[in-house]
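Novice: The structure's right below; bear with me while I get my questions together.
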């Protein structure tokens, strides 16, 4: 190998690396496009309604984008360490590198970046993903990684998450990711229903669905935290250093979004009980759209229209049956040709 400039000709080179997760980037771009579309039509809205409408749109899109992005994120549990470690199998060469571990709901992501990046006459910059979502075989992906000849630190961390590893990390995080992802999908459906109901005169039910959105996000955090704490932590030794993991950005974003949904849902329920007219004004809904209907804040609006009271309606006149019969007989005798008397 010395004749080849200390390179390793039998190993594949590192694949190109995108600066961020492509799935998260796609989700963010979709919601940013939707936000830009709403901003374009913003000048057509007059008065204070413009500010209220913009606030509702930004908040709603942020919640939806956050729920989807964290569901596909690989940063629920993260860790990083700088160390000197062996590079590849069947070689005594050592490198100085930053090693990162990101654990998501559907797999793990392992990064290896040399410090400096150019060492041993090659660029050391790896970003490898191993998944355990439905339809994916983690053990098979690990076998392919060994066949490709990935660096030792990447294979070492990936091996800790295999189903046969004595650490039990696969069973631990696979279970956590399964239930947490299910809760997030239910939260996303609740968010969709909340947006539909908030566009109709049933604001209180939109508040209930927004409250349910936050509750399911908090349940996802609970499942993830409980499942990952069932087993003692497995030591991850890399050279002379130990890699420790902690909750990542996706965990804290879910916590923030869940608490925001709970607070907004409670605020809407309370406002519906205390100040229903102001709540309708905030959502650009007026109770005077139909003067024949009066909306009941206790019953939820559109689902239970209540007609105007008897005091506002003309009082019915009761005509005795005998008097009505005599009047009809007299009309027929006095005006037999009148069509109104024949009815």
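Yeah, the Cβs are placed from backbone N, Cα and C, and that goes for glycine too.
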Novice: Among 52-72, 73-93, find the range that TrEMBL records as transmembrane segment.
Specialist: 52-72
Novice: If you count Cβ pairs under 8 Å, which stretch among 25-45, 52-72, 179-198, 250-271 touches the transmembrane segment (210-230) the most?
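Specialist: It is 250-271 that shares the most Cβ pairs under 8 Å with the transmembrane segment (210-230).
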Novice: Is the transmembrane segment (52-72) packed against any residues at least 6 beyond its ends, judged by a Cβ distance under 8 Å, and which are they?
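Specialist: Distal contacts: 21, 23-24, 27-28, 31, 34-35, 38-39, 42, 45, 104-106, 181, 184-185, 187-188, 191-192, 195, 198, 213, 217, 250, 253-254, 257, 260-261, 264, 282-284.
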